[in-house]
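Enquirer: Below is a structure I'd like to ask you about.
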Amino acid sequence: MQPSVENTATDYDAATSFLGKWGRFQRRVFFLLCLSVVPDGLTAFLIVFLADTPAHRCLLPAHLNLSAAWRNSSIPLEEDASRGGASEPSRCSRYKLEHLLNYSDRGLLPGVDVNLSTVPTEGCLDGWQFDHSVYTSTIVTEWNLVCGESWKNPLTTSIFFCGVLAGALISGQLSDRFGRKIMMFSTIALQAVTRFIQVFSPNWIVFCALYFVVGMGQISNYLVAFVLGTEVLGFHIRTIFSTAGVTLFFGAGYMLLPLFAFYITDWRTLLLALMIPSWLCLPFWWFVPESPRWLLSQGRIEEAEAIIREAAEMNNIEPPAVIFTPLQVRNIYHSLLQRTYNICDLLRSPNIRWTSITLWVIWNTVNVAYFALSLNTANLHGNAYFNCFLSATVEMPAYVLSWVMFRWCSRRMSVFASLSSVGLLLFIIQLVPAHLVFLSITIEMMGKFAVTTAFSIVYAYTAELYPTVLRNTAVGACSMASRIGSITAPFFIYLRTYSVSLPYILMGSLTTMAGLLSLLLPESFGIPLPETISHMQQNKVSGQKEQLSILTSNK
């Protein structure tokens, strides 16, 4: 007689339950994995300061024999759509110098003897003069990524997220094949080395090529650390780790970013400083174990038992003589040893296909809103450092709320409520009068709070839905699919140059649609982590029966 799927799903948890919930071993794994994602928080939005565009105007050669009056009036006034149509000095044009020299030589005064609206204009033929009161240098000031080259600014961010897409695509499969631990530390080293080389970038193209690699390492480290903790820790600690643990430490790194940027205003020096946290994480190799679940899925039973015995010793617990019986191993992993799973298995059966496609759409939408609102902090009124810090700070209570919702609430309703709130808040922003700047920033930060809550819940929800053999691949595939959103997010912000309201309308519509779509996903609240694909399908049926029984009992 074959064992039931429910029994095999709990074999691993039952076999390791003697370790307890929160011993020294669990605490060490929890905090070291959380610390390892702090550099990811520092890196994710670094472009806000690396590529910020200071105030600028056309440069006038110093040797020109222009009077002070004509130097001060050499730049025409233009309406700025991103500032509500207010007139400001042009950033990309100047009055033709030959005309200005002629008027200056003749002693004519601008606006008195000469109607400036009749003076022809030209581009910034001699370069630009940048305001250095905030930044000593950025990649924008160094390589003149303004005016006709301004499209390179959002493209720089998109290239980083292309690297994130590539990292999400390959890291999950490599991690499922070679192990969680080796991939995690390989990607930490990759980030540190690449960022060091990036400091010496001679031009924008080299910078972007290296930034692509940094993006690969950043997401790979986060995803693998996330899955490793999910598999090593027990159910209750796993819930805290996946919703509040890694996210709070990621948020801490994000909060430290404006502090680093405030004191280090040169972009090359800033890159060099932010390389250090990655190097500090490399010694964790000797203290973070491989996932016993993954080792068992590879048939490496002795290694898995050795890790668990070491954990028991650390927790001052005497382990049983036999941790995994041959029957348990055969029940859970017999089918796993016969074949290798890959990303194609996410689309092979109808149930998994529907879950995968739905999650890809939701992840994509969450990424659009999250990264667009995060990257938009440089465009908000007020100090860029404070706005970035505020944007990071609102994430902290959002991560705590996501843990509370994940601990006691339905997964589907949690995602629906958070995404619907984002859509509502982004629509409300359009109703705020332009002069109420503080109110509009407050509402935008509330939207950032809601989308961060959704982001955290969706990560943990996805890990619960998929089995061990596909979990890392599935989370990586969802992250990969979502990169369409993060790649396009900088261009959502770029739409501000045409209409300030347009990005909010688009993001509000997308998040509302994704919230409704999340109601069609299977429920995973209170159901053990699936170990096999067949158990994932069984969980869907069990979850539906559980929901039906709850509804029936309520009646």
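Each residue's number is its place along the chain shown, starting with 1.
Positions of Cβ are set from backbone N, Cα and C atoms, glycine also.
In case it's useful when we look at the structure, here is the feature table from TrEMBL:
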DOMAIN    99-526  domain 'Major facilitator superfamily (MFS) profile'
TRANSMEM  29-51  transmembrane segment
TRANSMEM  151-170  transmembrane segment
TRANSMEM  204-228  transmembrane segment
TRANSMEM  240-264  transmembrane segment
TRANSMEM  270-288  transmembrane segment
TRANSMEM  357-378  transmembrane segment
TRANSMEM  384-406  transmembrane segment
TRANSMEM  413-432  transmembrane segment
TRANSMEM  438-461  transmembrane segment
TRANSMEM  473-495  transmembrane segment
TRANSMEM  501-521  transmembrane segment
Enquirer: Would the transmembrane segment (384-406) and the transmembrane segment (501-521) count as touching if the test is at least 3 Cβ pairs under 8 Å, pairs 6 or more apart?
Expert: no
Enquirer: Is it the case that the transmembrane segment (413-432) and the transmembrane segment (501-521) touch, counting contact as three or more CB pairs under 8 Å in which the residues of each pair are 6 or more positions apart?
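Expert: Since 3 or more Cβ pairs under 8 Å link them, the transmembrane segment (413-432) and the transmembrane segment (501-521) do come into contact.
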Enquirer: Six or more residues beyond either end and a Cβ under 8 Å away: which residues meet both conditions relative to the transmembrane segment (473-495)?
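Expert: Hits for the transmembrane segment (473-495): 153-155, 157-158, 161-162, 164-165, 168-173, 175-176, 219, 223, 226-227, 341-343, 345-346, 356, 359-360, 363-368, 371-372, 375-376, 379, 459, 462-463, 465-466, 502-503, 506-507.
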Enquirer: What average pLDDT does the predicted model assign to the domain 'Major facilitator superfamily (MFS) profile' (99-526)?
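Expert: Mean pLDDT across the domain 'Major facilitator superfamily (MFS) profile' (99-526) comes out at 82.
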Enquirer: Near the transmembrane segment (240-264), which residues from the same chain, at least 6 beyond its ends, have a CB less than 8 A from one of its CBs?
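Expert: Sequence-distant neighbours of the transmembrane segment (240-264): 30, 33-35, 37-46, 48-49, 222, 225-226, 229-230, 233, 270, 273-274, 277, 384-386, 388-389, 391-393, 395-396, 399-400, 402-403, 406-407, 456-457, 459-460, 463.
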